[in-house]
């Protein structure tokens, strides 16, 4: 009898725990994805803060030339970064217990792998949590689908690209200047500016900014006034009101006359779908482009593609970009190899005499 009561009590305790985890009445929804999201993001955040402040220099290129990234080792907010795991580690899983000491783990850039892997797990679970909360509330699942774009982009630069290049040392450093360095080196090695998927991403981000500004300004300019002239029109909105807060017909008429009739949406639902889909699809394509360039399927090469009748090269902007790429290639990792791959692979010119 005692055993039966104890079993009921424990089952009830588990049931209460499940109800609390999945309750939509909590101030912040936890969910089953949140059970994994909370510890992984807390771990990534806390290790990032500690390492950004105090991590010792990291031998990123595996040539016994450590690079400093933390504030206590001479950096500021702009130049500081979590330095990627050493090329000597490559793609090996490198937890603390795989190193001979904590000093060795820090020297080889172990914190980078720890932060990145926990961060990617955390943001993936955040996306799952968005879907889970939408499901509990009877909403459609498109919030999580939209969030998949930045998740895909982060996964591309922190995981897929290092896998394709063979080392976590090629991942994006976790800092401002480190991000710029990653972008410059990526351009030098893969010519990303000439990749059509990157072009789609630029159109997605800049277009999304433009459409967001256009939509916000149109709505703000066509509010239905519920206040006197002496009060702000914004004060006329009551949270949860059933009435439309702006006149979509007026906004449609304005924009249709500004551009042309069919450039303006007359359906609020398709308008907002478009506002969400445009940047999301663009960022999906960029993430896909990074993932293909990870395996060296690079941007277009139009170098020396225009020649005159005598066979002399007429330079185009593609040749100017190529010259810049060579300069960036020469300057990065300048002690890791004697010649950049692009230059070392060119046959030596013939010398007469």
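Backbone N, Cα and C define each Cβ position, glycine as well.
Feature annotation from Swiss-Prot assigns phosphothreonine to 2.
What Swiss-Prot lists as N-acetylthreonine is 2.
If you look up Swiss-Prot, you'll see 29-46 (among others) marked as transmembrane segment, on the strength of sequence analysis.
Feature annotation from Swiss-Prot assigns transmembrane segment to 118-133 (among others); the stated evidence is sequence analysis.
What Swiss-Prot records for 142-156 (among others) is transmembrane segment.
In the three-state DSSP classification, residue 161 (site 'Tyrosine radical intermediate') falls within a helix. Cβ environment of residue 161 (site 'Tyrosine radical intermediate'): 170, 171, 172, 290, 291, 293, 294 lie under 8 Å away, each six or more residues apart in the same chain. The site 'Tyrosine radical intermediate' annotation in Swiss-Prot covers 161.
In three-state terms derived from DSSP, residue 190 (site 'Stabilizes free radical intermediate') belongs to a helical segment. The feature site 'Stabilizes free radical intermediate' is assigned by Swiss-Prot to 190.
Per Swiss-Prot, the feature transmembrane segment maps to 197-218 (among others); the stated evidence is sequence analysis.
According to Swiss-Prot, the chlorophyll a PD1 binding site annotation covers 198. Cβ neighbour count for residue 198 (chlorophyll a PD1 binding site): 22 (other Cβ atoms within 10 Å of its Cβ, all protein chains included).
For residue 265 (quinone binding site), the count of additional Cβ atoms within 10 Å of its Cβ stands at 19 [all protein chains shown]. Annotation comment: Swiss-Prot describes 215, 264, 265 as quinone binding site, evidence class sequence analysis.
Annotation source Swiss-Prot lists transmembrane segment at 274-288 (among others).
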Which listed residue (190, 215, 264) has most other Cβ within 10 Å, given these are recorded positions: 190
Reduced DSSP assignment, residue 215 (quinone binding site): helix
Nearest-integer angstrom distance between the alpha carbons (Cα) of residue 264 (quinone binding site) and residue 198 (chlorophyll a PD1 binding site): 27
Residues close to quinone site centre defined by 215, 264, 265, Cβ within 8 Å: 214, 218, 251, 252, 255, 271
Surrounding residues of the transmembrane segment (274-288) on its own chain - C-beta under 8 Å, 6+ positions past either end: 142, 145-146, 148-150, 152-153, 155-156, 197-198, 200-205, 207-208, 211-212, 215, 265
